[in-house]
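Reading through the structure tokens given below for one structure.
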Amino acid sequence: MSIPNNLRYSEEHEWVKTEGNEVVIGITHFAQGELGDIVFVELPEVGATIEANEPFGSVESVKTVSELYAPVSGKVVAVNEELSDQPELVNESPYEGAWMVKVELSDASQVEKLLTAEKYAEMTNQD
């Protein structure tokens, strides 16, 4: 699967899509492939504050439990409730159906510090 050029990426394999002063966050195709079949997703409540580089939730797969690290800081304004009933969406549609949280940015400049698609591809040895 190709890496979408319109997103930014963290070294912990989260993607970020900018929508005005908000961002949508999910995990990458590479990450879901490494984790295997996702069976449970734990996300923060709407209204929670998340801090860049700090855990904001977790995903449980048949192999392991892995923490989700916030690529940016801000206030959670929406969570993807579908993932409670359909955690497999993370495997099936990591960039579309399996977005995790929408966050109102506290510092928009944090997005620019994230990896471009090209840099993320280099980091993960993907073409």
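Cβ coordinates come from backbone N, Cα and C, glycine included.
As recorded in Swiss-Prot, the features of this protein are as follows:
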- 22-104: domain 'Lipoyl-binding' (DOMAIN)
- Lys63: N6-lipoyllysine (MOD_RES)
For the domain 'Lipoyl-binding' (22-104), the mean pLDDT of the predicted model: 97
DSSP-derived class (H/G/I helix, E/B strand, else coil) of Lys63 (N6-lipoyllysine): coil
